[in-house]
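Straight from TrEMBL, the features:
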ACT_SITE  Ser330  active site, charge relay system
ACT_SITE  Asp421  active site, charge relay system
ACT_SITE  His456  active site, charge relay system
DOMAIN    302-511  domain 'BAAT/Acyl-CoA thioester hydrolase C-terminal'
Amino acid sequence: MLQLCCRLTSMFPVLTSGYFYFCFVFCTLIKSPSYSVPESLPFSLPAPAQPYTIMYYFTAAFFNSKLRCVAHLTILKQINHVNNLISLRSVSQKWTCPLISVQPIRGLVDEKFQIAVTNLPPNQKVTLHSLHQSDDTDFWEAFGHYVSDEHGSVTGFKDESLGGTYDGTEPVGLLWSMRPIPGSRHGLRLRKRDIFRPMEVRISVYNGHLSQGFSHQAPLATSVTERWYVAPGVKRVNIREKEIRGTLFLPPGSGPYPGVLDLWGGGGGLVEYRSALLASHGFASMALEYLAPEDLSLEDTDASYFEKAYQILNNHPMVKKDHLAVLGLSLGSAITLNMVSYSKVIKPQCCVCISGSHLMPVEKSLSELFELMKNHEDKLCVNEDNQVIYRNLILSLPCQSGKVDVGRIKCPLLLVNGDDDQNFPAVESAEDMAMMMDKAGNRHLLEILTYPDTGHLIEPPYSPHFRATKYKLQWTKERIVMLWGGQTKPHAYAQEDAWKKILAFLWQHLSAP
């Protein structure tokens with residue numbers, strides 16, 4: 001009994017303190033001569049009941065009730081512990097960090113991506129934001145305002161943007177609506193210079209509907225996607241032959257491939273990114289530099305220069321001979337129309353002219369063309385924002401003597417135009433070309449795509465829209481702000497649709513044996 005009492009005392013000191021007080025009083029009583037066993041007790045005793053027997057049974061009853069009480073308290077504590085764990089788990093789930101997913105992480109620039117944000121509170125206002133630093137070190141951004149659904153999710157390919165740089169359901173609005181961040185240099189244009197480095201775009205989600213000050217806010221989640229102009233395995237070959245300056249891009253594999261001679265516009269320089277993207281789609285594409293390349297003046301840049309470039313491409317061992325196309329933009333389109341109409345060397349299977357005109361003759365050299373345009377520069381118009389409208393100058397050039405005779409064209413011709421082109425009279429030119437070709441009997445070779453509210457610079461898909469940018473006039477070297485035209489959303493739609501149809505057109509006419 002003594003050992004049991006000591007053990008219980010060490011285990012339950014508070015419970016046993018009252019018991020030992022009772023024992024002290026009880027022992028004092030039984031020593032008293034007047035003590036007798038009570039007739040009724042709260043527990044039964046065997047007869048005859050002696051004092052110490054009473055104490056034994058009382059002890060058993062006392063601790064049995066106390067142990068049951070302790071067991072009950074222990075169970076209650078365990079239940080409370082489980083309830084606390086459940087509550088903590090619920091709080092943990094409620095405050096889980098938001099997650100953002102961008103798929104694919106790496107892809108070509110003309111591929112769509114899918115953005116998904118999860119673990120948001122239901123019906124939370126958030127802003128999706130994109131940020132890109134260009135090869136010129138300028139920052140570009142776009143953003144859209146969203147509200148999470150009942151599951152706490154936002155998905156860019158099905159949810160609508162309620163505002164920002166774009167609205168509506170636009171899976172790649174965070175790309176084509178990009179613009180320079182506030183405080184940037186004026187008149188910027190986003191162009192890829194190093195095509196072997198990806199266009200890195202940081203996609204972030206912010207709490208609330210923000211329109212500015214993103215650099216001063218901490219995003220809820222961020223992901224980075226890489227946009228490439230070159231697919232894995234595409235090769236870049238420098239062309240420095242017969243005074244020709246250019247870059248040939250070859251698709252992966254052993255070849256030979258159909259070829260494309262790629263002519264950019266009057267901005268000058270060697271522009272490679274469209275040719276790199278064409279090679280990523282299976283074409284051997286040669287980007288040609290033709291505005292004052294090294295060791296060559298504008299006086300020497302005449303029809304023979306383009307004919308030599310065409311022959312280099314046609315004779316390359318990785319190019320399918322006599323399976324060539326010519327693709328031009330702006331001034332490059334005017335040169336294309338001149339070459340396919342008059343050259344005895346350049347005989348492509350098809351050609352594509354983006355935002356071009358047949359009103360710019362290249363009879364001898366580019367120097368003479370620029371001199372002609374300089375003589376009509378008084379026809380240039382300037383709007384209220386001091387942006388130059390160039391199209392009136394081209395319309396003022398001598399018509400009948402200066403028109404390219406497109407009735408001589410013998411190959412399929414695709415014209416891609418925007419009806420808000422403020423740089424070239426492309427739509428008017430297309431209508432006149434259609435009449436000329438109809439009269440000449442080759443109208444069946446002509447296909448015209450005209451896009452509403454679309455400007456001059458129709459580039460590969462998801463490229464940002466530039467309504468006006470800085471530009472250097474070739475004949476004066478003067479820096480101006482050129483108005484290109486177009487509205488952001490319809491221009492973006494035009495770029496996506498036109499690119500698909502350009503690729504289909506090229507494959508249709510170059511894939512024949």
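Glycine too: its Cβ is placed from the backbone N, Cα and C atoms.
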Mean predicted confidence [pLDDT] for the domain 'BAAT/Acyl-CoA thioester hydrolase C-terminal' (302-511): 94
Rounded to the nearest Å - Cα separation of Asp421 (active site, charge relay system) and Ser330 (active site, charge relay system): 11
For His456 (active site, charge relay system): intrachain residues, at least 6 apart, with Cβ closer than 8 Å: Ser330, Ser355, Gly418, Asp421, Gln422, Asn423, Phe424, Ala426, Trp484, Gly485, Gly486
